[in-house]
């Protein structure tokens, strides 16, 4: 009723406004046509006649009249037609009237609106037309054609003075109608604003009612329509919410006028339900009473029978964790009771991003941007509700505001570790390096300036307290070499650590799901394979860092430090290294024997991965088949007498034999699929361990690219402003312009483009390299009954 009332009022006001506007347009057309008719008859220079009536009558001579016999006066007709219909209208009149009719036209200065019932107003171009004829016999035909082309015909007085008076009269009426239109438009706007608010509320209520009725239609009426007993529904409820649901059901029963039908035994049973695992199905049974004694009460009971499908997965989220969970859900929903990667992603995702994006200045920009969105969250949410069009970029950034905040925080931390802020290093604790060269030595062209880490005059031997020493940022090619070595090895250490952590979570999943075969035959061999090869690579990296150094005596100085990569390749190829003079052949005693043993153990895990689980499944299937045959023989001995009395050798035996053969073929086909799947998984494990480890080198590559881009922008843009030697009144504007260009390029390229690139690479590392070790992602999300947030777009 409210919707109908609003529709009637709004339609009446809108129709009245359209009628007034249409009337104004017609008067404007009439006035414009009269003005053009006057200008056609009178020249622009004054009162001199452009065409006299006798001249025009001679032009439109009727073929039926005799020469010299003309009518006493000329007939006029003015109107207005749509521009797109004029040319066909003119051609048709020419075909019918030939030279007995003269048409003149002129386009109106601005388009006008045409209103048609049931359609939106249409903005069209129009022509004012003037038709002149000497005979009144052709006007009926002309009027019929005008009606067919929807031509608006207007009155045209015969004298010029009457036409001028008519134009003045129309001008005054137009002014009066425009005043009324302003008031009508104001009233129309007020009514439509009220109607818009009411329609929004009505639309929200209708959507809620639709969801409620859709849910009620899923209830099953036990007993049928003839003997209705109660309504039954099977639902999933998180175990921690069971007491709250009980209270809501009791209150709903009391509010609806029903009795509290839960007795003490039911309460004891419901107290037992509190120990249920998450999202266990519960049937809600609502008593259904006859109409004359309407009293309903809902009872919540635990469902004891097993279900065939996997229960949905439910995670309790807040504003902080929702963004990280959305990253995981974009890959796949966790199975019921499977470990959720989101809690670990809260730390690992922004940290790996910061390894690629590490810059203290750029991290502060991310913190400021995310803090602004967090501070203005109410205004942003209000804008999202009231916006008529969806802003996808703002929605994505707002949903991940806490992700951006942590990425900024970790970027600040990695900026301290890399000792870099906006492409420049900073010295907080004093460098461990010193320069003992004088000006003569430096400018000597035959002398190569180097910093010898083994000499105490250059390097004190004390490491920098936090991060990298600031000297590495200004020592030329050695800076890139040292930074590359450090970041590459750090990327390998972080990658292998995260993959081993993923295998540990896979083992935890197997324990939680009680999958002992997967734990022993799949996960543990994978862990042994990774530890024997790539875990040993991490050991070599740390052992080299701790054993070799600049101030240590030979053979543990920097010149004798072996290449970790060459050592690992020789280990895989079982090849001995070439000896170096005055250096040890191996990093530690019995190194080659230990490496060969580790390679042998790693390769021994491959047959277990390939054949372990298929053999286990074959043995389990054979054992189950033997148990079924044993049970069948027991039943056969019990009914041997009945079987002998009814035994017939017919085609049924053949059918049984063929059915058994088909079952055997199906089992053989299933086992072949299991072997193929096991082979693919083994190849993927062996090759994936190498490719995944190499994939983590993107941490090194993107960090180096970000550092070099920052350095390029600093030296090619901002340094130009600092180095200008112009006078002060020219130098300051030049410096401001260069700073503005540097700031724009920094935000656009380094923060936005590089940040997006690092974000996508980090997401790939988590989805492929990390989550593939333990996460299935084939579950179904728990979608509770709720009313979604309403906005203007809905």
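Just so you know, glycine gets a Cβ as well, placed from its N, Cα and C.
Remember, TrEMBL labels are computer predictions, not curated facts.
Taken from TrEMBL as is:
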type: COILED; residues: 160-187; note: coiled coil
type: TRANSMEM; residues: 351-375; note: transmembrane segment
type: TRANSMEM; residues: 396-421; note: transmembrane segment
type: TRANSMEM; residues: 491-512; note: transmembrane segment
type: TRANSMEM; residues: 519-542; note: transmembrane segment
type: TRANSMEM; residues: 594-616; note: transmembrane segment
type: REGION; residues: 648-667; note: region 'Disordered'
type: TRANSMEM; residues: 728-751; note: transmembrane segment
Which residues, given as numbers and ranges, are at least 6 beyond the ends of the transmembrane segment (728-751) yet have a Cβ under 8 Å from it?
359, 362, 365-366, 422, 706, 709-710, 713-714, 717-718, 720-722
Determine which residues of the chain contact the transmembrane segment (491-512) at the Cβ level, with the cut-off under 8 Å and only residues 6 or more beyond its ends counted.
337-339, 341, 344, 348, 352, 355, 518-519, 523-524, 526-527, 530-531, 534-535, 537-538, 541-542, 689, 692-693, 695-700, 765, 769-774
Determine which residues of the chain contact the coiled coil (160-187) at the Cβ level, with the cut-off under 8 Å and only residues 6 or more beyond its ends counted.
13, 16-17, 20-21, 23-24, 27-28, 30-31, 34-35, 37-38, 41-42
Taking a Cβ cut-off under 8 Å, which residues six or more beyond the ends of the transmembrane segment (594-616) line up next to it in the same chain?
517-518, 520-522, 525-526, 528-529, 532-533, 536, 571-572, 574, 671, 674-675, 678-679, 681-682, 685-686
So what's the mean pLDDT when you look at the coiled coil (160-187)?
88
